[in-house]
Amino acid sequence: METLVYPGSFDPFTLGHLDVITRACQLAPKVVVLVGHNVAKNYWFTPEERVEMLQAATKDLPQVEVRLWHGSTIAALEPYLPHAALIKGLRSGNDYDYELAQAVINRQLGQIETIFLPSTPSFSHISSSVVKELAQNDLDLSEFVTPEVANQLKQRLKTLKGKQ
């Protein structure tokens, strides 16, 4: 496999995400991180801010390319096929059930393979939703996100609180 593609919203980017990317770098010479944007979701950060978070966090991983992506995962993978696969991190059985269904659809519609990486145990409890909740309660984020992301979360909360 020449390229592994890791799609997600990354709102915000967590150490769990970084763990998946770092491990993917051990499996393929190129890892493309696709920062998605779904207009039906409410995000704390703009797509461009999320791309910047990922670029800062992966600056020491030269084989990582971070791209903004709109539309279907299948279309986003086309430039890398046939030597590419999706990579997905799994924290729990619920993640597996959801991602397996997506993998079957991607295989059926686009002949796209999916590689599942079980979470490193120390990251299995981390999700972007949990990080947002911790940030809203002004709790320590150092075991969940990079220092840069923690600072961005604090700044974003000030902005969000100012709008209330």
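Each residue's number is its place along the chain shown, starting with 1.
Note: Cβ is positioned from N, Cα and C throughout, glycine not excepted.
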Exercise for review: From Glu99, Glu113, grab the residue that TrEMBL records in the same ATP site as Ser9, Phe10, His17, Gly89, Leu90, Arg91, Phe123, Ser124, His125, Ile126, Ser127, Ser128, Ser129.
Suggested key: Glu99
Review point. For Ser9 (substrate binding site), what is the tally of other C-beta atoms lying within 10 angstroms of its C-beta?
Key: 17
Practice item. Under 8 Å Cβ to Cβ from Leu90 (ATP binding site), same chain, six or more residues apart: give me those in sequence order, or none if nothing qualifies. Key: Tyr96, Glu99, Phe116, Leu117, Pro118, Ser119
Revision key, fill the gap. Residues in the domain 'Cytidyltransferase-like' (5-133) per DSSP class, helix first, strand next, coil last, are 57 helix, 29 strand, 43 coil
Point to revise | Entry from the binding-site residues list His17, Lys41, Lys88 having the most other CB atoms no farther than 10 A | key: His17
